[in-house]
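Comments concern the structure below.
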Amino acid sequence: MQVTIEDQSLEAAAGEACGQVLSRAVSGKRLKNAVACLVDGQPRDLAFPLPEDAHELALVAADSPMGLSIIRHSAAHIMAEAVKTLFPSVQVTIGPAIENGFYYDFAYERPFTPDDLEAIEAEMQKSIAANQPFSCTYVPKADAKALFAAQGESYKLEIMDENIVGDTVSLYRHGTFTDLCRGPHVPTTGLVRAVKLLSVAGAYWRGDEKRPMLQRIYGTAFASAADLKTYLHHIEEAKKRDHRKLGAQLDLFSFSEEVGAGMCIWHPKGELIRTIIEDFERREHLRRGYDLVRGPLILRRELWERSGHYDNYRENMYFTEIDEQSYGIKPMNCLSHMLIYKSRVRSYRDLPQRYFELGVVHRHEKSGVLHGLLRVRQFTQDDAHILCRPDQLQEEITGVVRFVQDVVGLFGFDFEAELSTRPEKSIGSDEDWDRATKALVDAMESIGLPYEVNEGDGAFYGPKIDIKLKDALDRRWQCATIQCDFTLPERFDLVYTDADGERKRPVMLHRVILGAVERFLGVLIEHTAGALPTWLSPVQARILIVTDAQKEFAEQALARLKEAGIRVELDDRNEKLGFKVREAQVEKIPYMLVAGDKEKELGGLNVRLRSGENLGVKTLDEVALMITADCQEPFKRGGMRYNFCSQ
């Protein structure tokens, strides 16, 4: 039989190991760096027998995204073997590769400790040094159940009973460990060259709070020790930038068990930051032709039933009873916007209608996934819904994409765009999907925006563009979304009268720019390590006196800068200047303005930046102009205007 390898046609025999076939077509160095292969696009072990109907083979390199996922999956198996060796009574459950690492969940009588993790990692290194082969066998399900029953692995039995269809299962073995697994895996344990266990946490079996609590051990693995070292450095840097730590340090927000999980309490400085962002959003939306609207926090259950949320989303909603009627606390803002559109007769001349709301929403997130500002139960969403004619769709999408570019750039982020297309289960005609997808593509291409295609990952009601921010540690964060929707206009019977007098259905776009304001602020704090841009800093400048002799002059300078719209405060404590400077730097204040005898005599202030740079003595007018210009600079790129200095 003939197979194609990198545009070469090669003679091969059915049943021959795929790795053996590849060895005749690629260099030994590349083969040595391979961890698996693709058979007609499907990932397989290098030892996988070549099917007689195979057409194409390709290597999976260790440092490729797929290769790293396979290495991490194999590392999870190696970890499970180590845990079973050290703690024989443990039960194993599942151990997948995840983004940037892997985990395995174990049922054990007590939590694992940091000392346990060290011992487990040392045991893993023994297996890796032994270079044990991974082997795959296919056995009758009944035989596999007998094997795991004899080992007391009740979770594996449940998986086979509830999740595996068919009479045959695949088992992977290495060393003394056998696991139920689809694979693929690296050829030998020695190819897991760089591995590190990171942490342990509780996790409910199948994510169900009513099921047993398991012990989840997280780890990561890379193709090289250098890559692992870089990643571990990023983890340490991320700890320093943790928004929860910085939020407390900068006195921005807090969480309290007395209030409840996932509910943030905003302190004065944090609320000021929010207010500045929200005021900016309102003004920018008005400037770009949106109408500001507001809907109620709770709506009758019948509306959620009509929209489909009750059937598809109610587990994430909160409900309450009022006057013997059921109400849902809104998890999103769209329903009120539908009713605003429907409140009057619409002509084609009235379109587009753009409704914007900074709406507070509530979603019942599981307690195990709550994480500071990044995952909360109450948050504010910068929601907008655009209803337009089909011929206006591309222009509207282009406008939203440009809006996203301007706002993301203002906050200093780079970003990536991803197009999610029609899934297998969807509503709407082929014509609707083709038109909407083309409009999304044309909008991005018209402004030269690169994008990746995520086939089949659109919502059942329409395709979408997802914008993922790249932060200072090269992490990706989902924030902005532009979503076509064929469902709600139909369910709410939204129409307009066309030029020919016919009733037509408008096209609808859901979109958010920042997404959840809380989540965005959490990302921004970590991106900037708390050193927010000057325009957004709750305190933009602090005047520091050297002795009481400068206090009267400093108070005059304070009043002058406040008149100029600067958010400034005075530190007139009887402390050493160095202490005051360090404290201001810890608080991430952009400008430290020192008032000593020399500055008092000259009628100015010595300007120091939080970076440590000293700009020398400036007059009060120069200081005011400098800080104002610093605030205005980021806005110029998007043709926007800064006017939030005097909050």
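Every residue number used here counts from 1 along the chain in the order it is shown.
Even glycines carry a Cβ here, placed using N, Cα and C.
The Zn(2+) binding site feature in Swiss-Prot is assigned to CYS334, HIS385, HIS510; the stated evidence is sequence analysis. Proximity of HIS385 (Zn(2+) binding site) to non-local residues of its own chain (separation of 6 or more, Cβ distance below 8 Å) is seen for ASN333, CYS334, HIS337, MET338, ARG354, TYR355, MET508, LEU509, HIS510, ARG511, given in sequence order.
Summarising model confidence by region, the domain 'TGS' (1-60) averages a pLDDT of 88. Residues annotated as domain 'TGS' in Swiss-Prot, with sequence analysis given as evidence: 1-60.
Marked as region 'Catalytic' by Swiss-Prot: 242-533.
Excluding CYS334, HIS385, HIS510 themselves, the residues of that chain whose CB lies within 8 A of the CB mean position for the Zn(2+) site are, in sequence, MET332, ASN333, HIS337, MET338, TYR355, ASP383, ALA384, GLN483, ASP485, LEU488, MET508, LEU509, ARG511. A 10 Å cutoff on Cβ-Cβ distances gives HIS510 (Zn(2+) binding site) a total of 22 other Cβ atoms nearby, all chains included. Under the three-state DSSP scheme, CYS334 (Zn(2+) binding site) falls in the helix class.
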